[in-house]
Each structure stands twice: as C-alpha cells, then as structure tokens.
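Novice: Dropping the structure in here first, questions after.
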Amino acid sequence: MSSLGGGSQDAGGSSSSSNTSSSSGSGQKAGGTDKSATVAATAPASVADDAPPPERRNKSGIISEPLNKSLRRSRPLSHYSSFGSSGGAGSMMGGESADKAAAAAASLLANGHDLAAAMAVDKSNPTSKHKSGAVASLLSKAERATELAAEGQLTLQQFAQSTEMLKRVVQEHLPLMSEAGAGLPDMEAVAGAEALNGQSDFPYLGAFPINPGLFIMTPAGVFLAESALHMAGLAEYPMQGELASAISSGKKKRKRCGMCAPCRRRINCEQCSSCRNRKTGHQICKFRKCEELKKKPSAALEKVMLPSGAAFRWFQ
C-alpha cells in the first residue's frame, strides 16, 4: 500500500511537476511571443525608415534618383499630404510637410504670377513694336507719295515752260499780222482741217499752229523751211505756196552737212585741180567737198510741204 501510495505520490508529483513545468514553459512561450510581437511591431518602422524610397519615374520613364545621400529618405509630396497620412506621428510630420508644401506652392504661384506678368509685358511689347512699325511704314509711304506728287508737279512745270518757249520761238519765226495777209486763226483752221483729213505722225504738234511740213529734217539737224516766211499765202493758195516753197528751197544756197568724212577733213590735199586753181576758181578741195553738196538740188531736198500734213520722208 505504501508502495502504491508512494507511486501515486510520485505520479502526482511528476504530474504536478509536469504541470508546473508546462505552465512555466507556457509562460515562457507567452513571454517569448509577447517579445516577438513587440519586436515585430517595432521592426516595420525601422525597416520602413531604412527601406529605400519608391522608384520615381518621369514622363520619359527614366528613374529619378536623389543626387545626395542625405536625400535618400525623401518622400514625394503626396506622402505628406493630409489624404495619405493617417497615424498620429505621421499626421504631425504630414502637417509640417503640408505647411512647407503650402509655402512652396505659394512661392510657386507668386513666381507664376510674375512670369505671367512678364509674359504679358513681352507679348504687349511686340504688338506695340508691330504697331509702331506699321505707323512708320505708313509715314514712309505718305512721304513717298508726297515726293512723287512734287516730282510730278515739277515735270508739269518744266513741260509748261518748254511749251511757252516753243510758242515764243514760233511767234518769232512766223510773220506778223500786219506784214502777212492772214493771222494765226487762219493758220489754226488750216492745220485743223489737215489734221481731220489725214492722220499726222506728229500728234503732239496739234496744240500749236505749226504744220509738220515746215520742218526740214536732215542728218545734220532739223531746220525750218524758208516757206515759213510765206505762211500768209498758204491759207488762200496752199498748193501755190507749196510749189513756191519748193522752188525757193531749191534756189537756197546750201551748206555743208558737217557729218560726212569729207566734211570732217581739216587739211587740203594740195594736189587736186581745185587746190591748184584755188586762186582763180575759188573752189574747195575735192576731197573736202560735202557728199550732200555733190548731189543735185532736186535730189537733195524732198518735197517740203505735203498737202495732207503727213510726215515726210528722210533725205537719202
């Protein structure tokens, strides 16, 4: 019995010891689990602090890393915003960062307003420059127009002066009314009738009482025919006056033209018969005689006055 009781006691002691050991073991395990829980609770904060920040990529997809090692723990602005932070410490840090972000945003807005104002000034300056350039171009065009008008007035004045001089020359060469039987009105009527009958090659001479046939055109120049002195008789007898002018021009003493090679010679040959008989014949050197003077008078001059008032041919 004693042995059985001792065995039971031993069994009870062992059981109690096992219970105590199990309880102590369970208590140690519980303490271990509590410590591991605290370590696990503190570990994520340290790991979160030591963990590298998330990769930042710009629009091109390039990773933007901080330039300095002290900036490795930097966080984006959204991390510190009121929407992203929920904890107490996180809320405090988020509040400070939010204040900084607000200050930065205010400075950026101020800079943006300054830039906008500068851009507005820059935009306004080109418009003002464009307006000033347009005004300058208009002024230059106006000055050019005034210059052209002044030049036109000057040319008109010169033309008027030339016409006045031509009228004076015509009045000096034409006979007076007292000496001639007819005056300027009769000659104007004749010139107008001729202009109506035939088209003249001198359209600008219609304003003056001059018939183009009065002008003798030679290579040496243009001369007035001698028939201008008999202008009075042309109104009454135009054909007779024409014939008289042709005869008188044929009898007129001719002069050297001064254009041909013999006229340009300045030295006599002293060998021809004219040079040998100079004292008796009073003839010019044969090598210096004008080519026009060698021709006959009838061939030298064409018809001076044409009945239709048309232009006459050049002398050949």
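Glycine residues also receive a Cβ, built from the backbone N, Cα and C atoms like all the rest.
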Novice: Motif 'Nuclear localization signal' per Swiss-Prot: which of the ranges 125-130, 251-256 is that?
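Specialist: Motif 'Nuclear localization signal', as annotated by Swiss-Prot, spans 251-256.
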Novice: Given that Swiss-Prot assigns Cys269, Cys272, Cys275 to the Zn(2+) 2 site, pick the one from Cys257, Cys260, Cys285 that the record assigns to that site as well.
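Specialist: Swiss-Prot names Cys285 for this Zn(2+) 2 site.
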Novice: Going by Cα-Cα distance, pick out whichever of the binding-site residues Cys257, Cys260, Cys263 is nearest to Cys285 (Zn(2+) 2 binding site).
Specialist: Cys263
Novice: Fewest neighbouring Cβ atoms within 10 Å: which of the binding-site residues Cys257, Cys260, Cys269, Cys272, Cys285?
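Specialist: Comparing Cβ neighbour counts within 10 Å for the binding-site residues Cys257, Cys260, Cys269, Cys272, Cys285 gives Cys269.
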Novice: Please list the DSSP helix, strand and coil residue counts for the zinc finger (250-291).
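Specialist: Final tally across the stretch: 18 helix, 0 strand, 24 coil.
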Novice: Return the count of C-beta atoms lying within 10 angstroms of the C-beta of Cys263 (Zn(2+) 1 binding site), excluding that atom itself.
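Specialist: Around the Cβ of Cys263 (Zn(2+) 1 binding site), 17 other Cβ atoms lie within 10 Å.
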Novice: Consider the binding-site residues Cys257, Cys260, Cys290 and say which one has the Cα lying nearest the Cα of Cys272 (Zn(2+) 2 binding site).
Specialist: Cys290
